[in-house]
Amino acid sequence: MAKKNIKQKKDNRIAIDVKKHIKKVDVGVFDGTFVFTSPLSISELAPKLNKSPNEIIMRYFKKGVVYNLNTILDEEQIGELCLEYDLDFKIEKNVNTENLLENIYFDDLEIDLVARAPIVTIMGHVDHGKTTLLDTIRKSSITASEAGGITQHIGAYQIIKDNRAITFIDTPGHEAFTEMRARGANLTDIVILVVAADDGIKMQTEEAIDHAKAANVPIIVFVNKMDKYEANPEKVLNQLSAKEIVAEELGGDVVFVKGSALKNEGISELLDSILLIAELNNYKANPNRLAYGTTIEANLDKGHGPLATLLVQNGTLRKGDYLVVGSTYGKIRNMFDEYDNEIEIALPSKPVKVSGFEEVPTAGDKFLALADEKQARAIANDVKQKKMRLERAMLQSSDIRTKIANGELKNINLIIKADVQGSLEALKGIFSSINIEGVTTTLIRSAIGTISESDVRLAQTSDAIIIGFNVRASRIIKDLADSVGVQIMNYDIIYKFKEDLELWMKGTLDPIIIEEVIGEAKVLKLFKHSQVGTICGCRVINGKIKRNALVRVLRDGIVIYNSKIATLQHNKDSVNEVIADKECGLTIANFNDIKENDIIEVYIKVEKKHDEVK
């Protein structure tokens with residue numbers, strides 16, 4: 001039987017014009033304005049300003065600052081210099097395929113735009129009920145939680161209220177996830193700030209407020225745990241008012257909803273408030289475009305390979321689309337909604353799980369659907385090349401490398417493998433939060449997936465510790481690591497890793513030398529001896545003094561000499577130590593200018609680890 005010709009439906013979605021987005025900025029003075037893109041060295045800047053390098057160097061020299069041709073001036077310095085030359089200045093950005101995804105813009109006509117679901121981010125302090133609230137909204141009994149009691153991974157979900165969709169982004173609640181929360185706020189239209197009525201605002205509450213303000217988005221405050229006996233909503237209102245989050249009932253413009261996520265109280269009112277704000281702000285997108293959006297989460301899935309949760313921000317995503325996501329690309333093989341139902345299309349504001357990537361994407365990366373695979377691959381490769389250049393530049397940082405080589409700076413090499421991108425990002429964020437003078441950490445490799453032979457071999461050659469977060473090494477890999485002396489550390493709680501890293505960093509430093517005073521003696525009488533010099537007749541006034549111990553000679557409370565005890569006698573017998581309230585005779589090495597009533601302070605030097613020093 002002859003096969004019927006099945007007519008493929010034409011794809012009318014508009015593709016991004018990549019060439020139109022590419023922009024090369026001409027650096028120079030135009031109509032009294034100096035246009036530039038980034039920090040410049042004096043040798044690069046001078047001709048662009050129509051000045052000689054020596055003139056600029058002399059200008060700084062007169063201010064008491066010594067610069068040379070290779071000195072890099074930052075954007076602020078260049079701006080100040082322009083003003084000194086009576087020039088306006090303007091900072092523009094070169095756009096090429098390496099940074100294209102961060103610089104996508106849309107020139108859609110109003111007629112092409114349609115209403116989309118509001119994107120809502122739930123934020124708040126740990127244990128104030130964010131996850132419970134989200135689970136109650138979804139009418140789900142499943143709460144994904146970390147071993148340490150922290151929501152493990154960012155998730156995105158869509159629910160329906162009165163036939164209208166609302167998309168929620170859930171962000172972890174602990175301080176280690178500050179960057180992840182910040183990224184969530186940048187994606188969002190509305191922030192729900194969860195504050196426990198029995199606890200009030202806390203550190204993460206204030207951080208969330210800062211992120212919401214920075215993103216310039218409306219805030220709805222959900223005063224949770226109103227079912228608690230200790231609930232004090234007035235306290236919460238007053239605390240937030242002090243942070244310029246003023247409730248409508250106090251004359252402000254912020255919606256406050258009081259309720260209990262645990263008992264499903266106030267939830268309907270909260271959703272109504274979201275829909276009202278969405279209606280007032282008229283959120284729109286153009287579904288007739290190839291999709292553009294942001295990676296919420298990514299991991300290596302056993303069944304599907306590299307898997308990413310994507311949030312469509314504009315356009316429509318379809319199964320079979322070619323995507324570039326940061327430094328990787330692929331063709332959508334499978335697409336699932338938040339309930340793991342396989343779907344064919346995703347409209348604006350829809351979160352979906354997508355498989356088909358060459359590598360695991362990075363959470364926070366922008367994605368773009370393109371008309372063909374060749375273009376997607378080319379852009380991804382350019383982004384990857386830029387990433388590799390930056391990594392090489394970091395490794396070749398002469399300042400750090402020189403200090404390490406000279407022993408001025410201690411270093412710990414780490415290889416991190418994690419279950420999902422969100423965990424990896426949080427672990428990497430730990431590095432920047434720990435600042436211990438004299439020691440640094442170098443991240444040799446960080447990736448999603450199990451610990452491999454390649455990781456062990458790299459750790460062996462780079463003298464690195466392997467960190468596995470929610471991933472384990474097989475018995476074969478463990479045996480290999482043991483045989484070559486590579487240490488593998490496993491964690492499932494972020495802050496246990498932080499504590500250990502701090503201990504490792506302190507442990508690499510040379511011990512701190514602490515001086516401990518063990519005794520004091522007062523000089524009562526002096527005796528001159530032709531062979532040994534001045535002998536001090538002393539009484540030990542506290543502690544004890546020991547032969548060969550270090551001493552400070554104090555006169556009227558001022559140290560006049562540092563030396564050590566050369567000889568020590570008690571009742572004409574040579575002894576090793578003399579205790580308090582006993583008299584003794586002693587000599588001080590290389591010092592004879594001692595006087596009666598001088599105090600001899602005896603001390604020892606003790607090595608202590610950095611974590612032992614308060």
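Using N, Cα and C of the backbone, Cβ positions are placed for all residues, glycine too.
In sequence order, Ala197, Pro233, Lys258, Gly259, Ser260, Glu265, Gly266 make up the list of same-chain residues 6 or more apart from Met226 (GTP binding site) whose Cβ falls under 8 Å from its Cβ. Annotation comment: Swiss-Prot describes 124-131, 170-174, 224-227 as GTP binding site.
Annotated domain 'tr-type G' per Swiss-Prot: 115-283, in sequence order.
Secondary structure of the region 'G1' (124-131), assigned with DSSP and counted as helix (H, G, I), strand (E, B) and coil, comes to 2 helix, 1 strand, 5 coil. Positions annotated as region 'G1' by Swiss-Prot, on the basis of similarity to another entry: 124-131.
Positions annotated as region 'G2' by Swiss-Prot: 149-153.
According to Swiss-Prot, the region 'G3' annotation covers 170-173.
The DSSP breakdown of the region 'G4' (224-227), given as helix, strand and coil counts, is 0 helix, 1 strand, 3 coil. Among the features that Swiss-Prot reports, region 'G4' is placed at 224-227.
With the fewest other C-beta atoms within 10 Å around its C-beta, Asp127 stands out among the binding-site residues Gly124, Asp127, Lys130.
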